[in-house]
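J.: Can you read through this structure? Questions will come right after.
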Amino acid sequence: VLSAADKSNVKACWGKIGSHAGDYGTEALERTFCSFPTTKTYFPHFDLSHGSAQVKAHGQKVADALTQAVAHIDDLPNALSALSDLHAYKLRVDPVNFKFLSHCLLVTLACHHPAEFTPAVHASLDKFFSAVSTVLTSKYR
């Protein structure tokens, strides 16, 4: 459960990301593909090379979904319902992959914003990404 402080930390951090969200989403995806190669199996039709237009486009989708989640942080299930349906029923993404991507998002954000990435912000973002992952996998059951 996200506390008021967690929500504040997430909103403040995401506000500083601003126009870089798509770039960070792309970088996190690339990190995920490199660190967890099995995640590539969900993208057989993609050019997965560094700087690929397809990876950039999907990185932007990830960033847009997270921006939507931040904007509706008090109602994640409704905000992410359509995305949850897509991943559970159509794409059938293994839930562990959300954990992998979450980890790579944390690494990416820490690399780009080391001064702001305090232990409290790290914990808040980790809880937020976990909450998003929980919602995205909630329809698997």
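Any Cβ shown, glycine's included, is placed from N, Cα and C.
Quantities reported herein were computed from a predicted structural model and do not represent experimental measurements.
Take a look at what Swiss-Prot says about it:
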- 1-141: domain 'Globin' (DOMAIN)
- Y24: phosphotyrosine (MOD_RES)
- H58: O2 binding site (BINDING)
- H87: heme b binding site (BINDING)
- T108: phosphothreonine (MOD_RES)
- T134: phosphothreonine (MOD_RES)
- T137: phosphothreonine (MOD_RES)
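Surface or core, plus neighbours and distances: that's what I need for these features.
T.: In the predicted structure, the domain 'Globin' (1-141) carries a mean pLDDT of 95.
For Y24 (phosphotyrosine), the same-chain residues 6+ apart in sequence whose C-beta sits under 8 angstroms from its C-beta are I17, G59, A63, L105, T108, L109, H112.
The number of other CB atoms found within 10 A of the CB of H58 (O2 binding site), across every protein chain shown, is 16.
Cβ neighbour count for H87 (heme b binding site): 21 (other Cβ atoms within 10 Å of its Cβ, all protein chains included).
DSSP assigns T134 (phosphothreonine) to a helix in the three-state reduction.
The Cβ of T137 (phosphothreonine) lies under 8 Å from the Cβ of S84, H87, A88, P95, F98, each of these being in the same chain and 6 or more residues away along the sequence.
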J.: Quick check on the modified residues T108, T134: which one has the highest count of other Cβ atoms within 10 Å of its Cβ?
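T.: Counting every other Cβ within 10 Å of each candidate, the maximum falls on T108.
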J.: Kindly report the helix/strand/coil residue split of the domain 'Globin' (1-141) according to DSSP, in that order.
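T.: Residue counts for the domain 'Globin' (1-141) by secondary structure: 111 helix, 0 strand, 30 coil.
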